[in-house]
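Here's what Swiss-Prot has on this protein:
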ACT_SITE  102  active site, proton acceptor
DOMAIN    108-340  domain 'Radical SAM core'
DISULFID  115-345  disulfide bond
BINDING   122, 126, 129  [4Fe-4S] cluster binding site
BINDING   171, 172, 203, 225, 226, 227, 302  S-adenosyl-L-methionine binding site
ACT_SITE  345  active site, S-methylcysteine intermediate
């Protein structure tokens, strides 16, 4: 249950976007109301997009007045919307006086996928990611995570729905464990957004203890930012690998999907020219994943200022993919979307206060 810490700029009123179902039920019990009120309020907030208690006509006037006195519905403030030539949309959201995050909608055939951020910045320093350049400022609250979905859904036409959510935006979701889990529960709640567990995907760089914790409380889809077939190279690209090396990470992935192997882990692999894209890398990746229920998503690198990397040539990516497919690995190559509005994978940067000096060094304890 999310205990819903009160945001720093509201000392008395609870932001109801911070509450998953259990938290909302507990909130109503504290008010002396029946727990079923939680379902009513979740529908008003998440399905209808209502933030004015006065419009919630199936609640008594007395209850509406009490809610007004002790709580609020405060999504992040939308400060900028951009549309790409390919249909991708990016929303820049103000989450406090100095910080902004970005969320991206990727429309495709028969689906609308929303890429959601979990932190302001990121502490993991992956060398190919522009978000890592800005450092880390803070975790997002549950309200700020689910608020991205709230804003996006209610910016779409009435007949359109967000069909998939991927926690692949700014930040490492497993380093904001409680708030992320609470937000995913709201995503899947039938009285909120009603997404199936297969349509909610969490992408992690490999925080092994937190991945094991996730297996205990959730079974949403899992993606892993792998990007290299061996520890030496991954240590350079994804420094958290020095704490949780590939062998430990793959073992945790196998524990997550369970013994029946009915689901597959998606392994993300950014294609960097001359770095991790040679034929021997492809063959090593085949060997590495041979005993893990997996599929591979190859990601063409998206350049950003002062990056040391270049994207692999399309022919190189195609040959790499063919090697994996010939070995029986399900392999896809991600379409590059939203590059003209800096919304492509690895390009989200937002706005972080004093970004270089306030990098947060997390103690990743078991």
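Even glycines carry a Cβ here, placed using N, Cα and C.
The shown structure was predicted, so the numbers you read here are calculated from the model rather than taken from an experiment.
Structure coloured by features recorded in Swiss-Prot.
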| residue | record | CB count, 10 Å |
| --- | --- | --- |
| 102 | active site, proton acceptor | 25 |
| 126 | [4Fe-4S] cluster binding site | 22 |
| 129 | [4Fe-4S] cluster binding site | 27 |
| 171 | S-adenosyl-L-methionine binding site | 29 |
| 172 | S-adenosyl-L-methionine binding site | 26 |
| 203 | S-adenosyl-L-methionine binding site | 22 |
| 225 | S-adenosyl-L-methionine binding site | 23 |
| 226 | S-adenosyl-L-methionine binding site | 29 |
| 227 | S-adenosyl-L-methionine binding site | 25 |
| 302 | S-adenosyl-L-methionine binding site | 22 |
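Among the recorded positions 115, 122, 126, 129, the ones whose Cα sits within 10 Å of the Cα of residue 302 (S-adenosyl-L-methionine binding site) are 129, in sequence order. Note on proximity: among 171, 203, 225, the binding-site residues of the record, the Cα nearest residue 122 ([4Fe-4S] cluster binding site) is that of 171.
The Cβ of residue 115 (disulfide bond) lies under 8 Å from the Cβ of 103, 104, 105, 106, 166, 168, 169, each of which sits 6+ residues away along the same chain. Residue 203 (S-adenosyl-L-methionine binding site) and residue 126 ([4Fe-4S] cluster binding site) have their C-alpha atoms 14 Å apart, to the nearest angstrom.
For residue 129 ([4Fe-4S] cluster binding site) paired with residue 171 (S-adenosyl-L-methionine binding site), the C-alpha to C-alpha distance reads 11 Å. Following the DSSP three-state reduction, the secondary structure of the residue listed as 'active site, proton acceptor' is strand.
Look at residue 115 (disulfide bond): DSSP puts it in a strand.
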